[in-house]
Amino acid sequence: MVKEMMKLAVFFISLLLILLISETTGLNLEGQYLLEIKSKFVDAKQNLRNWNSNDSVPCGWTGVMCSNYSSDPEVLSLNLSSMVLSGKLSPSIGGLVHLKQLDLSYNGLSGKIPKEIGNCSSLEILKLNNNQFDGEIPVEIGKLVSLENLIIYNNRISGSLPVEIGNLLSLSQLVTYSNNISGQLPRSIGNLKRLTSFRAGQNMISGSLPSEIGGCESLVMLGLAQNQLSGELPKEIGMLKKLSQVILWENEFSGFIPREISNCTSLETLALYKNQLVGPIPKELGDLQSLEFLYLYRNGLNGTIPREIGNLSYAIEIDFSENALTGEIPLELGNIEGLELLYLFENQLTGTIPVELSTLKNLSKLDLSINALTGPIPLGFQYLRGLFMLQLFQNSLSGTIPPKLGWYSDLWVLDMSDNHLSGRIPSYLCLHSNMIILNLGTNNLSGNIPTGITTCKTLVQLRLARNNLVGRFPSNLCKQVNVTAIELGQNRFRGSIPREVGNCSALQRLQLADNGFTGELPREIGMLSQLGTLNISSNKLTGEVPSEIFNCKMLQRLDMCCNNFSGTLPSEVGSLYQLELLKLSNNNLSGTIPVALGNLSRLTELQMGGNLFNGSIPRELGSLTGLQIALNLSYNKLTGEIPPELSNLVMLEFLLLNNNNLSGEIPSSFANLSSLLGYNFSYNSLTGPIPLLRNISMSSFIGNEGLCGPPLNQCIQTQPFAPSQSTGKPGGMRSSKIIAITAAVIGGVSLMLIALIVYLMRRPVRTVASSAQDGQPSEMSLDIYFPPKEGFTFQDLVAATDNFDESFVVGRGACGTVYKAVLPAGYTLAVKKLASNHEGGNNNNVDNSFRAEILTLGNIRHRNIVKLHGFCNHQGSNLLLYEYMPKGSLGEILHDPSCNLDWSKRFKIALGAAQGLAYLHHDCKPRIFHRDIKSNNILLDDKFEAHVGDFGLAKVIDMPHSKSMSAIAGSYGYIAPEYAYTMKVTEKSDIYSYGVVLLELLTGKAPVQPIDQGGDVVNWVRSYIRRDALSSGVLDARLTLEDERIVSHMLTVLKIALLCTSVSPVARPSMRQVVLMLIESERSEGEQEHLDTEELTQTTTP
């Protein structure tokens, strides 16, 4: 009460001063109020410099409009929009009692909205949007009974919408989106009979959508997306006959979709996606004759697709994907003549694809992938002239691909992989030279690759592995400068690999394994400066290994095994500093093993068995401290002693030296190789005692007459070398569900080769060519948006960020700068402006490989994955448009000294991130791997829900002298020891990196620390457990650890983290198993039986 009286006194004193001043100057009272208002502003651009106290009236001042009364004009309008003003809004605004319009939008004003605004009783339009106002909406706003437009979006306003809003009976527009408004929606909103637009998205509004909303009888636009609204959708929404737009996506609505919504006969857009809606799709939706956009994806909808949906004669886009819909695709969908987009992927649909869909002449994007569809592909698809993207992968489709597919349509993306298709590849797929991604892998296709494909100038990815294709390597293919991936493995190709392969200058992946290629490997392959993976294994190639191949300095994976290569291995192999895997096994290579192999510090696997190598094992191999998966030198003709330097390979899991002519003793220091899971020294000429190795088996030492000690005959006076008895607990003692899952994972995983990464496109894409300044279409700009976002322009982004002003920067990274942009339509985006390295020349066109990557990323949708809304290229600026995450990154919050994340939030983040990764690994088809999991790439929304971000981004950032860089290896501290360039290794690398993030959440430590503080967090945790056992001392001291249940739960999650960071990728669980273990750990709340700590640390430590 005292504070209120003091504020009142200050107001009256200010009023008295103004009156006193007005007595000594000629300026009228409202002019004095305006000068007081100006005094609280910071006018950086001096836009208000003509506000002069010497004037008698303020009517000529910038932004001021008065009535026409000549004697004593009244201020009716104050419009200071976009004047670059900062500071605060003075309470003196309440003195402008005749004001009808107040527009302070697009400035930098802060502070609270003064309650004195309620004195402006004539106010009709109040626009305060795009500022930094905070605090609550003053309840006095309810006194503005003449108010028609209340526009306050894109501020920092908090609190709830006041009940007094219901007093604004003249209100037509209530626009409050992109603030921090919380609480429930007031039921008094039902009083607003004249309200036409209610937009309050991107806030934190909770509770239900009140049934009183049915009283807003004039409502046209209802936008409450991205809040925390829950409960069922009220059936009263059906009372809103004028409703045109219902935008309620990304909330927590549950229950059924009310059939009463079909009474909204003016409805044009219904966006209910990313909620928790269940039950069938109401057949009554078919009565919405004006409906154009229907988005119900990512809910829990079940049942069949109503045939009545076919009555939506004006529909343009329908997306029912990512639900649990069953039954057949209704043939009535073929009645929607204007349909451009139909997405039904990731459901449980059965039956055949209706031939009626081929009558949809305007169809441009069709995705029916990840279902259980059978039968043939309708022949009529080949006549759809507007077809841009066709994805039917992961079904059970059979028959042939329509032979004239591509003749009439301008195909950009075609993915029919993982089906049972047979016959030949159509010749016309790239007839119009726009094909970017062609994936027909894992089918039963036969015949040759058509010339029309091998000469396709726009082609970026050609994926035809695992078919029955024949013929020779298409030499024409390498005349196309954009090709980055050629996958022809597991077919029946014959003949030589042509010299023209050296012309594929952008090639990053060349996979030709398991064919019948013969002849020598062409030396021209050394011209492929961007090549990261070369797999020519299991062919019939002969001749020497050309030294030119070692000019491919970007090589990370080189697999030449199972051929007939001969001669020596050139020493230039030691110059491949990026190499992580080298497989040369089962050839006829001879000579000595090059000592230069010791330079390959990133090597994780070295396979050279089954050759004719002679001489000694180079001691330089002991420098390969990153070697982790295997060192295989078996079945050669090696002589001399085993160099003790190999004991430096502390991460090594498999050491195979059998079937050589090695002599001397097995170095006793091999007992320190605690990571060894398997080894074989058999059939050599070794002597002396066997070191204290783990998992000792007699078969690993037989064929060496001079060896002794367990498991062979005892050595004379070798008691010190006798191994200690195992104290491990029987497996039957561990009955925890988590451990059962873990055992199933470890026991069930086998080493296998997995196909290289294929790109997935499943989200709606709208491509709009921007206009040049003269109004003519420009070929130098490209905007790609992923609906249902509205089609904004590059100019909108410039305006929203004040031409990318520093004040809008919210982050910086190696890839570029991130800006916060609030667009006129109400969307808040994180705009990543990529660092450009094009120098000189006209290089504004977006290359096809870049577009393909962008489209791939934009097509991924999951609640725990940051959404890429689009890409914009304009006059040399490359912009990525992301979903905005207001809480920033996990790394920033977690490693801030003031971090107050409790365990419940941390576990929620851990589980959310795991679910996002599991979606990429297991539910996308083909599977997608992140490659750079770290705490800074896990972003948090207002509810601390985890969103995995930046996956795949490094592949689309232009690097100097290259069209697209090779896949990155991750970030320091998160990189799995065995990381290589294939899907198999990358998948396990993701899991390792995720395990590091778990350890960060548990310990609070950064992934890498100074050596004196324990070095990397993985080794620090392992060392701590070995020294002090599994106890709460390893956990973040900032957490409250008095609750034994919480500590027990955290230690259970710690075990999961240790499994994820196992040295052996074979021992790591899959992401799907990680999610199951985390869920089970929460259910049990730490009550599970525990793993034996000693065994756990032994099986996971290097």
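Just so you know, glycine gets a Cβ as well, placed from its N, Cα and C.
What Swiss-Prot records for Asn54, Asn68, Asn79, Asn263, Asn311, Asn444, Asn503, Asn535, Asn614, Asn672, Asn680, Asn695 (among others) is N-linked glycosylation site. Annotation comment: Swiss-Prot describes 217-241 as repeat 'LRR 7'. Residues or ranges marked as repeat 'LRR 15' by Swiss-Prot: 409-432. Taken from Swiss-Prot, the feature repeat 'LRR 22' covers 577-602. The annotation transmembrane segment is assigned in Swiss-Prot to 738-758. Under the heading phosphotyrosine, Swiss-Prot lists Tyr882, Tyr919, Tyr974, Tyr981, citing similarity to another entry as support.
Feature map: Swiss-Prot annotations on the structure.
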residue	record	DSSP (3 states)
Asn54	N-linked glycosylation site	coil
Asn68	N-linked glycosylation site	coil
Asn79	N-linked glycosylation site	strand
Asn263	N-linked glycosylation site	helix
Asn311	N-linked glycosylation site	helix
Asn444	N-linked glycosylation site	strand
Asn503	N-linked glycosylation site	helix
Asn535	N-linked glycosylation site	strand
Asn672	N-linked glycosylation site	helix
Tyr919	phosphotyrosine	helix
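Counting same-chain residues at least six beyond the ends of the repeat 'LRR 22' (577-602), those with a Cβ under 8 angstroms from any Cβ of the stretch are 532, 537, 545, 553-571, 608-618, 620-626, 629, 632-633, 638, 969, 978-982, 985.
Comparing the Cα of Tyr882 (phosphotyrosine) with the Cα of every entry in Asn263, Asn614, Asn680, Asn695, Tyr974, these being the recorded positions, the smallest distance points to Tyr974. Between the alpha carbons (Cα) of Asn680 (N-linked glycosylation site) and Asn695 (N-linked glycosylation site) lies a span of roughly 11 Å. Comparing CA positions across the recorded positions Asn54, Asn79, Asn311, Asn672, Tyr974, the one lying closest to Asn695 (N-linked glycosylation site) turns out to be Asn672.
When the modified residues Tyr882, Tyr919, Tyr974 are scored by other C-beta atoms within 10 Å, Tyr974 scores highest.
Residue pair Asn535 (N-linked glycosylation site) / Asn311 (N-linked glycosylation site) shows a Cα separation of 52 Å.
Applying DSSP to the repeat 'LRR 7' (217-241) sorts its residues as follows: 5 helix, 8 strand, 12 coil. A distance of 83 Å separates the Cα atom of Asn68 (N-linked glycosylation site) from that of Asn444 (N-linked glycosylation site). Less than 8 angstroms from the CB of Asn444 (N-linked glycosylation site) sit His420, Leu421, Ser422, Asn467, Asn468, each of them six or more residues away in the same chain.
Minimal Cβ crowding within 10 Å, among the glycosylation sites Asn68, Asn79, Asn311, is found at Asn68. When the C-alpha distances from Tyr919 (phosphotyrosine) to the glycosylation sites Asn54, Asn311, Asn672 are tabulated, the minimum falls on Asn311.
With a 10 A radius on its CB, Asn535 (N-linked glycosylation site) counts 24 other CB atoms from all the protein chains.
Checking each of the recorded positions Asn54, Asn263, Asn311, Asn672, Tyr974 against Asn503 (N-linked glycosylation site) by C-alpha distance, the shortest gap belongs to Tyr974. Rounded to a whole value, the Cα-Cα separation of Asn614 (N-linked glycosylation site) and Asn263 (N-linked glycosylation site) is 84 Å. Figure note: comparing Cβ neighbours within 10 Å for the glycosylation sites Asn672, Asn680, Asn695, the maximum is reached by Asn680. Neighbour list (Asn263 (N-linked glycosylation site), Cβ cut-off 8 Å, at least 6 residues apart, same chain): Gly238, Met239, Lys241. Checked against Asn79 (N-linked glycosylation site) by C-alpha proximity, the recorded positions Asn54, Asn672, Tyr974 yield Asn54 as the nearest. Checked against Asn311 (N-linked glycosylation site) by C-alpha proximity, the recorded positions Asn54, Asn672, Tyr974 yield Tyr974 as the nearest.
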